[in-house]
Amino acid sequence: MDSSFRARRPASPPPQGFPTHSPPAYSAHTFQDGSKEHWDADERRAAASKGAPPHSKKQFPPGGLRLTGGEWKLLAVITIVAAGVRFFRLSKPNSVVFDEVHFGKFASKYIKTQYYVDVHPPLAKLLITLAAFIFGFDGGFDFKDIGKVYEAGVPYVAMRMLPATLGLALVPLAYLTLRALDCRATTALVGALFVTFENGLITQSRLILLDSPLIFFTGLTAFLWVGFSNEDRHKPFTDRWWLWLTLTGLSLGAVVSCKWVGLFTIATIGCATILQLWNLLGDLRVSPMLWIKHFMARAICLIGVPILFYMSMFAIHFAILENSGDGDGFMSSEFQHTLGGRGMKDTFADIAFGSEVTIRHLNTQGGYLHSHAHDYPGGSKQQQITLYPHRDSNNVWRIENGTSFSDDPDFDWRTSPMRYIKPQMTIRLHHLSTNKRLHSHDVRPPVSEVDFQNEVSAYGAPDFDGDANDHWIVEIEEGASEDLESWKRLRTLRTHFRLKHALQGCYLFSHKVKLPEWGYEQQEVTCNKNAVKANSLWYIESATHPQLPDDAEKVNYKLPGFFAKFLELQKVMWITNAGLTDRHTYDSRPDSWPRLRRGINFWVKEHRQIYLIGNPTVWWLSTLAVVSYVAVRGLLILRAQRGYRDFDSTRVVKYDSICGFLFIGWALHYFPFYLMSRQLFLHHYFPALYFAILLSCAAFDFVTSSVKPRARLYIAAGLVAFAVWTWSYFSPLAYGSPWTKAKCEEAKWLKTWDFSW
């Protein structure tokens, strides 16, 4: 062959899951008989084998969805059946179930406009709150304990209706997604019914929980992306093309605004987008400028739009939670002072001997240096020193002199001119409400009992002037860039400093360790010889001095704007989420999820139980499909290496594309959990399960592609019948219905299923 000749392989038919760009005339969707509204895949294949030309008069349907009127009626019937399954006994039990403790309480916080902190973004909680608000919830019920009976006036059924409705909507989404992927109507019917009768999805969608909105938006994103891909293959940059792409971006924003697990959905669509752009780059019919246009359109709609949507949810979140609440302590002081009830009047900037101050810990947001008239039960048995997160008169200290001044040996802050607190000065902190001084000595603290930690206490008496263990040396760490004086001496809010014990050489220190009940679960304060600098930094929040005139310089917190608050909350959510490492009675690890090794006990009462467990038929078939795809794909790769031309078959290319997309969706929603050390539960597998169910249906479509339609229908009916039977068999665990001990024991197909009668 001449070296100047460049041969091009004929374009393969466009894959459905990861579509490439090919001429519309060769799309599988265009092979139609003008006398019929729709042909299924068998009819199209038969027509193509006989040389049927594309029929150009038919308009390309939105998203490539060609559904007959009969299919729409069938879908309506399926949806009605799914509604019966989802809404049956929705009011039962009439008490708090599992994590309704948390998400019901958050709805109460929204209605009361009280600030709280949660590890999940706000969209799903806002939707639940909207349902509660519309039906008259006043936020008075506290959702305190599992099993607590709902009071009259609490619209818990309406609140459960929101996730139940979204769980219902997942059923037609599954059908439409499979049809958009060019699977047969029989296959789509199987997929919709599998989702309808999946016990785990049913259980999760009937309660005030976040997973149903999460899975709905995951399914919606997959459907919109497939629809966009079909539009892109047909004709890009049309109004409909932009609509499908923009809706995909909005759905991505919604899924990540429910839970951060939505980032895995973004990764799935991201992989599909990269492959799309890669295929376009290899298409010589696409000019560089056109490729850049494709890239920019996807970047704007699939990156920019989700980010804007995500941030807008937090803007609504901040706008509603405008008042102080129990989440204040997680946030910085600057953030806290944007909340109603936490504002602070301007306070004097200068700090001198005799100033009455409140001192805050910088790093942990644990709160104020605090003491109260209660002693340690062990150690020195002197008065407790803690960090307390709320304003209180027990937070006020007077700075007294511990330094000898050669120029004024009789210095008295009451009568002498003011002396500002400068580096290396020795001070004493006098607790005004109990008349004791901040004190440390060579005694181990009550909780952190290690050699390099000393107890910090409040010690003294009205007629006792204290001792050298009350002396602390000031070390200025940094000041504010806009206030040069804050680097040279203590200034309110502007100077970060450390306090070094004059005798022990340890630093006043606090960390996220709470005292037991005798310390009111307030944060521990110690004197640490090996102190991490960040946890030994302090600042003064407020100050007064009798010698300062009213017109003396005053300062206040610089309140953060939206972006600063948004970024701070993301950091707090990340840290809090990563800190959920304690074991739970019903937690599980990812390796057990595909096998359905164990469920979660949600609620138990009077021989009735709600136990989250999947439908074994649906669950294990989906896992089998995942394993089978990996095995078959590996075999095809090996055969290709040996020279077999399996991928010359349009049938193989089509199903490899469909199954590949769904497998990537499953894998990206499953494998990242192996990297997490936090608490994990079976319900974390549900987004991956949805993709696995669709994959099992695609595998069914492939396996039955060579059989007659009637035989395929019989096979589908058998699978659905068995799924319906297992749903019915385990339904008492989904609905909390009564059942006998014998049936309960018989239902334990695996020894690890720990539900009980």
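Each residue, glycine too, has its Cβ placed from N, Cα and C.
The structure displayed is predicted, hence computed values, not measured ones.
Database features, via TrEMBL:
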- 1-64: region 'Disordered' (REGION)
- 34-46: compositional bias 'Basic and acidic residues' (COMPBIAS)
- 115-137: transmembrane segment (TRANSMEM)
- 157-178: transmembrane segment (TRANSMEM)
- 185-202: transmembrane segment (TRANSMEM)
- 208-228: transmembrane segment (TRANSMEM)
- 240-257: transmembrane segment (TRANSMEM)
- 263-281: transmembrane segment (TRANSMEM)
- 301-321: transmembrane segment (TRANSMEM)
- 348-402: domain 'MIR' (DOMAIN)
- 418-477: domain 'MIR' (DOMAIN)
- 487-543: domain 'MIR' (DOMAIN)
- 618-638: transmembrane segment (TRANSMEM)
- 658-676: transmembrane segment (TRANSMEM)
- 682-704: transmembrane segment (TRANSMEM)
- 711-730: transmembrane segment (TRANSMEM)
Selection from 185-202, 240-257, 263-281, 301-321, 618-638, the stretch that has most Cβ pairs under 8 A to the transmembrane segment (711-730): 185-202
Interface-richest range of 185-202, 658-676, 682-704 toward the transmembrane segment (208-228), CB pairs under 8 Å: 682-704
When counting Cβ pairs under 8 Å to the transmembrane segment (682-704), the leader among 115-137, 240-257, 263-281, 658-676: 658-676
Beyond the flanks of the transmembrane segment (263-281) by at least 6 residues, Cβ under 8 Å: 17-21, 217-218, 221-222, 225, 229, 232, 248, 252, 255-256, 291, 294-295, 298, 302, 306, 661, 664-665, 668-669, 672, 687
Paired segments the transmembrane segment (618-638) and the transmembrane segment (185-202) in contact, 3+ CB pairs under 8 A: yes
Intrachain neighbours beyond the transmembrane segment (658-676), with Cβ under 8 angstroms and 6 or more residues off its ends: 15-18, 181-183, 218, 222, 261, 264-265, 267-268, 271-272, 590-591, 593-594, 626, 629-630, 633, 684-685, 687-688, 691-692, 694-695, 698-699, 701-702
Residues in the domain 'MIR' (348-402) grouped by DSSP into helix, strand and remaining coil: 3 helix, 29 strand, 23 coil
Within the domain 'MIR' (418-477), residues counted as helix, strand or coil by DSSP: 3 helix, 27 strand, 30 coil
Tertiary contacts of the transmembrane segment (240-257) (same chain, 6+ residues out, Cβ under 8 Å): 62-63, 121-124, 214, 217-218, 220-221, 224-225, 227-228, 231-232, 263, 265-266, 269, 297-298, 301-310, 313
Long-range Cβ neighbours of the transmembrane segment (301-321) (under 8 Å; 6 or more residues past either end): 109-110, 113-116, 121-123, 126, 242, 245-246, 248-250, 252-254, 256-257, 266, 269-270, 273, 327, 339, 562, 565-566, 569
Cβ contacts under 8 Å made by the transmembrane segment (185-202) with residues that lie 6+ beyond its boundaries: 40, 71, 74-75, 78, 81-82, 85-86, 167, 170-172, 174-179, 212, 215, 599, 612-615, 618-619, 621, 682-683, 686, 689-690, 693-694, 696-698, 700-701, 704, 709, 712-713, 716, 719-720, 723-724, 726-727, 730-731, 733-734
Averaged pLDDT, computed only over the residues in the domain 'MIR' (487-543): 94
